[in-house]
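Each remark here refers to the structure printed beneath this line.
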Ligand SMILES: Nc1nc2c(ncn2[C@@H]2O[C@H](COP(=O)(O)OP(=O)(O)OP(=O)(O)O)[C@@H](O)[C@H]2O)c(=O)[nH]1
């Protein structure tokens, strides 16, 4: 921890708290978290619903430590056991936080946003984050939209931002800061995530599946890390992609193994950047029929 932060940590008024980022799929929650903590931790993709786990991103400055909880979007499309568990994670993650960032898209508030809004507690400050304002052609349309939103809920604050460009993010942090309780930091400054490297490695592979596969495939896959060892500056990782059907296995592997090779190579490069070391990665594909409906398998995979 650097001296400046250490000094102000000793000061009385340091603040530390948990902040949940909620919102329907695709509003930009992961992009926001990544930009705030300046490091690729949460995964982003053009496809909706790529975030399945709670991920903590941590930002420490001279006065405060912001511990972010990224939550999965609400699943509307595939109503199986997995989706119910994901929705429970959302509800749980907003319960124990000091502030909530409710993310929506500029000038777009649909029934899915409404559904998320209904689940928000009234005893925790909720800041309405209107994202993607960089896309707005007519900026003057923003004000009536904000006024309209203010009538829907007792927001602690409303702020238009662009998670992609980073516009207004410092102002957003200033809006959140007063809601964090006075407390010394809970994590070391260098700790950008409380998730294990093992988990992050699986997320990197999952992100590549979302990026490189056709529409339906990623929703029926899961990634398990069979083995993760650190030998000096080398991380050796053996991972397994679980699919539901044999034909999906063939799609994931691709012609002469090309698709899988691409997934593995890109994931390995991301891991090397994130872990700051060389990575040896082997990825296998296995058929595990009906995994998305099997509660025991889900528990084994780490979904509570
Ligand atoms: N133009 C623009 N695009 C953005 C902005 N923020 C996010 N996006 C894009 O919106 C898409 C979804 O972003 P994500 O961060 O993956 O969204 P999410 O809310 O985490 O999505 P789920 O994981 O599905 O819940 C991506 O293609 C982003 O690049 C923004 O400020 N401006």
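Glycine too: its Cβ is placed from the backbone N, Cα and C atoms.
Unlike curated entries, TrEMBL annotations are predicted automatically.
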When you get a sec, could you say which of 44-48, 49-53, 54-58 is annotated region 'G2' by TrEMBL?
49-53
Could you tell me which of the ranges 7-14, 15-22, 23-30 is annotated in TrEMBL as region 'G1'?
23-30
I'd like the Cβ neighbour count for residue 29 (GTP binding site), meaning other Cβ atoms within 10 Å of its Cβ, all protein chains included.
27
Counting across all protein chains shown, how many other Cβ atoms sit within 10 Å of the Cβ of residue 26 (GTP binding site)?
17
For residue 133 (GTP binding site), which residues of its chain lie six or more apart in sequence with Cβ-Cβ distance below 8 Å?
106, 139, 142, 160, 161, 162, 167, 168
Within 10 Å of the Cβ of residue 23 (GTP binding site), how many other Cβ atoms are there?
24
Secondary structure content, the region 'G1' (23-30) (per DSSP, counts of residues):
2 helix, 0 strand, 6 coil
